[in-house]
Structure formats: C-alpha cells, structure tokens
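> Heads up, here are the entries from TrEMBL:
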- 157-180: transmembrane segment (TRANSMEM)
- 371-395: transmembrane segment (TRANSMEM)
- 429-453: transmembrane segment (TRANSMEM)
- 486-507: transmembrane segment (TRANSMEM)
- 519-539: transmembrane segment (TRANSMEM)
- 606-628: transmembrane segment (TRANSMEM)
- 634-660: transmembrane segment (TRANSMEM)
Amino acid sequence: MLKFKQPSNGQRNLHKTAKLLTITFILDNSTALPDSVAKDTDLFQPLLWKRVSGNHGKGLLQLKPIYEMLSLSLLGYETEESLIQLKSKPLGCMANMTDLEYELFFRKFLLNFTKEYDEICNEHIENISGQATFFHECCYYDFHRNIQCNRVFKNKWMWAIHYCSYIVIGIVLLYCPLLIPPSLYNPHFGPKHFVHRLNDSAYTFTVKITRAPITCWSQICERLIKLLDFQNKHVPYSKFEGMTKFKKEVENMAYDKIYQFKLTKVCLNVQTNEIVAANEVPISLFRALRDLCIGCVIENNKDVGKCCRTFDIIDKEVCCNKCRTKKEECVTACCKKCKIKHQEGVKACCQANIFGKCVSMSYPWYKLLHFLLRFVLSVAICLPWIIRVCIFYVYEYDIRESRHKAAETRNLLMRIENNLTYYGTPVHVLFILSYGLMCFGYLCLELTSVILFKNITSLVRKILTEIFSGMCNRSKGKVIRWSLKILLKPFTLCGMFGVLFAVPYWILALPFSFTVSAYYLFPTVHITVNFLCLFLNGFRRCSLTSNNVWEQHLFKNRYIRCFSFRDICSDNGRHTMPHDETEFLATINANQPETKPNLRLYEIGLMFILLCLILSSVLLTVEFVIFFMKVMTYTMIGLILNSSHAMQYISTISLAWLYYR
C-alpha cells in the first residue's frame, strides 16, 4: 500500500483543476523501485505520471516535451506540476513486483483521485526496427469500473504539422540564399557611374616607359622620390584598377618612347552611400548632433577656420579658389572636407594616442573603437545561433540526455527527430566543423587583405556578383510560361492528336523543363550551378594561360607611375580646369624576379573560402530557421487553443494602438 508522507499536501496537489497535471513521485529511503523496473522495462521515467482532462490535455501529449517554451508559454496555460512524496506500508512491499504489477499499482493509486473524463498517462519506450520510439499510454475507469488503456496517437492535424515541417525545411534549403544582403551582390547597390566632359579645354599628359635595373641605389632614389613627393614617382600597377582602357594602352606601348594622351572626359565611380537622392534632405536632428559631437567644429587655425566657417555647398568652389591663392595647407584643409589636425570634441579624442605621452608607440583610439565595433557586429550576426544554443542547454538538454540514456541501456538507436541540433547537440562534429570553417574563412579573408592586397572587398564583391548573377532580375512568371509552352508543344503542333504523343514527349521534356525551371526559380540551385561554372572556368583559364604571354607582360604589369585626376575632378561637376600638361613616366624593373601575379588563382582561393563560409552559414541558418518556424507553429496553436484569453490581450493592444494613432 502507498501512503502520502504529507497527506494534506499530497491530496491537495492531486485535486488541482488543470488540463494537464504532471506528477512527480519521490519515494522515501525505505521504499525503492523494483529491480525489474529500474533495469529492464518499457517504462520511461517510471516515477513521472500525467493526468489529462479532455481533448485539450491529451492533445498536449502529442506535442514535443518543450511545448511550453516553443509556444512562448501560451500552451502552458492550465498546466501545472506537482511533487508528491510517498512511502510504502509495509516496508519493501514493492521490492518483488514486476514492471506490469508496478505500473498497475501506481495507476490504480492515481485513478482513485480522478474525476469523470480524466485519464492517467505515463510514457513508454518501444523497439521499432532497432530504433527507440517514445509514446504515451492513457488509462481510465469505464462504467463497469474496469481499467481501459489506449495508446496516444497523433491526430490528422498533428500529422499535418509534422509533414509541414519537412516542407518548411525544403523551402528553407531552396531559398536560404535570399537571406544574404543584396548589397553584397546586386549591381544596383554598387558604385554609380558618372561622366564629366571637358568641353572647353582638354587635359593633356605624356607617358614614357623605360627600363631600369633594380639596384640598391635605385631603391634608395625611389624612396627619396616618394618622401620628397617629386613629380616622377613610381607606384604599383594596382592603382589603375578600373581604368581598363588606359591599362590596355600601356601594355601596347614601346620602351623609351614618349606618348601623349588627351583627356576629354572623366568617368567617376561614386559609392551609393555618398549619393544624395533628389527627394532626400541631408539634414536631421541626429546628423546635427553627430556633426556637433564628432564632425569638424571650431578650429585653432585662424586662416583655415575662417575659410571653413564661410564654406558651404554652393560656394565650395569659390572657397577652394580663394584658399588656393594663399597657402597650400589651406587648399588641403578646405578641399578635403576640413580634416584639420587641431580639432575639438569627440573627434580629437578619437585621434589621440591610447598610450598617451608615456609610451612612444602611437595607436589612436579610433582604431580600437573600429575593432570593437567589428567585434560587436560579428556577435550580432552570431546572436541568433547563440540564442538557439542557450535554449537547447536550458530546455532541451536534460530531456535529450534522459531519452538517449534510456535508448542506450536497451541497445536501441535514436532516430533523427526534431532537428540536427537536438539529435547531435551543438557540439557535434558537424557543427564543430562548421564553426571551424567559418573561423577559417574569416581569418583567411583578414590575412589576405593584410598580406596580399587591401582592396579585397571589391574582388569578393565581383565573385559574389558573378555567382548571384541573374538572381536579381529573374522573372518567375516568364519561367513558368516558358515551361508550360514547352510541355504543351504536342497540343500546339498536333492539336487534339497531340494526346498520342504527349506521354512519351513529357517523359523526355519534363526532366529538361524541370531542371531549367529549377535554375531560375530556386536560388540555391541557381548559385550552385553558377559557383561550379565559375570554379571550373577559373581552373580552365589557369591551365590555358601561356608562360610566354606572362613573360611578355610581366615587366609592364609590375610598376606603373600613377597620376591623379584630383585637379580636374572637383566636386562641382560644372567646373573645368585649364589646360595642363603632366609628364607621366613608367619605369620597368628588368631584373625583377619572375613571379606571376595570377589574379585568377586568388579568385579560386577566395571562391573556396566563400564556399566554406556559405556552407557553414547555410547549415546554421537552416537549423535556426527550422527552430524559429516551430516556435511560430506552436505559438499559433497556443493562440487558437487559448483564443478567449488571447483576444483580451489583442483587443487591449489594438485599442492602445488606435489611441496612439
């Protein structure tokens, strides 16, 4: 016989009016579970029982054990938990019971405290083809006081939700590339192209390419030229990025021969964030506060301060011309948006040294702030997955471990249910590999930008644009109409006799039509095909590149004198500088080691890094989106089941919004 250790509290806990009452029994030291129940039985958690009332309570048993968290506590309404302490009399009366006797013993004890339409349920584990399956079995008294037990099966609505989760997984896999910001690959978010025509006069300059062997003296001279800022200084060829026509002209030039170029128009590439729309007012409260705290304020230099204080958008050209007649410092300060050394406010602090005057090493504050902001951005990007991991260890980990332990003691395997995170935990080899690939890709991009070339963003953007090409301007309607046109060809050409040829034609046309349609309709298929084509094309170009071609163009592509269009590219597009002639000298290093600066190899390496980042991001994103969709589904179920209470809050929120409007 079982007795309450505290009769008043035990009976009060069992008489709670809840749709689902979870009862956990605690046995005293003199009362222990039978060995048959503790070691080998189909009972799962034999001291955990549940009392359900009506279809509401039984429907909760069909959901996942963490239904309360997934529904944002909406399904936790009218559900309670009770902790009951029991003792056996006489002592040790349950020691020799079998698992069936033990289950019947506890079931009868709990059925004595039930009302009409109440059922007592417990969880079982079943072996199905070597895999562990967990289910609930509920029992009640019939009119003849006989115990009737039924297994809880999912109803048609639960099965519909179950199958819809697989459909959601498929949709997420096919459309997850849409989560990538379009600004990374859409050409409309790239630099805008503007043309400035020199109508009144043209800008003329001369170019001369000469050979110069590399010696210690030549290197010293080149450094002195850079320090003294002479006119004929030599800079890397990479400075001409985007000037494709001029680079082609330089490659075709002969050595020790002077060429003259006449410039009639200038093409400008302006970033999107630097363009002000016609209907946009570039003045706001936040911008005024930003300019007051961080921007250019009162200057200590009287001449420059006066120039900058009288400076506005309309008189910018006049201001620069006035300053040009005075001092070169004023020209630099005024025309470079007032970047003065002696500034007050927050900007002066950002330019200050972190170590102060105590240490000779100089490291400004803004660099540290820049690093901290990048770190915060990285954490913000990873925040959804961090939340998912925290939810797993707080709510799911104990349930998952208890079920896996029960399956292992019975030599059974666990099925992949719910999601990969629940099945393998966030520290599974697959997830650890994803974390490693993301860190590897990020570090490779950072090291590449530091060691090889700084402007790696443009190259990454170029690769992403080629991979995502066509996804921005794709038309789903045209693809569907084209597919229907292909499939209806037999009836178009043969009329009603097309029925005779339709079936064999469709057998051949359907795979082709579906493949082409999938390429244009599903972003994952689209970028996969583009990525493979780009990757194979990169290898093909590398293999076809001739060594002789590289030997011919090696010297010309190494060091090229860079000239600046700053004098003719004033901010005012209507202003045209007078005629000027500038000598342009390109020196070729004849004894330079024969290294082949193959940009295609860099692109292949970057594609491999991007592939690692994309695969890792897709896995983690799909896992989070699946979990998020389950939260949305369970929340909707909670709103439907508790519609009367939910409508009170919805009405209150609607009225508050109405009064706010």
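Note that Cβ sites are derived from N, Cα and C of the backbone, with glycine treated the same way.
Curation plays no part in TrEMBL annotations; they are all automatic predictions.
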> Taking the transmembrane segment (606-628) as the reference, which of 429-453, 486-507, 519-539, 634-660 gives the largest number of Cβ pairs under 8 angstroms?
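The stretch I would name here is 429-453.
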> Near the transmembrane segment (429-453), which same-chain residues lie under 8 Å Cβ to Cβ, leaving out any that are not at least 6 residues past its ends?
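Distant contacts of the transmembrane segment (429-453): 238, 420-421, 459-460, 602, 605-606, 609-610, 612-613, 615-617, 619-620.
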> Can you tell me which of 371-395, 519-539, 634-660 gets the most C-beta pairs within less than 8 Å of the transmembrane segment (157-180)?
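Looking only at 371-395, 519-539, 634-660, the most contacts with the transmembrane segment (157-180) come from 519-539.
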> If we skip the immediate neighbours and take only residues 6+ beyond the ends of the transmembrane segment (634-660), which ones have a Cβ under 8 Å from one of its Cβ atoms?
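Distant contacts of the transmembrane segment (634-660): 56, 59, 63, 67, 70-72, 74-75, 77, 161.
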> For the transmembrane segment (519-539), could you work out the same-chain residues 6 or more beyond its ends whose Cβ comes under 8 Å from its Cβ atoms?
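Distal contacts: 173-178, 463, 466-471, 474, 476, 479, 600, 603-604, 607, 611.
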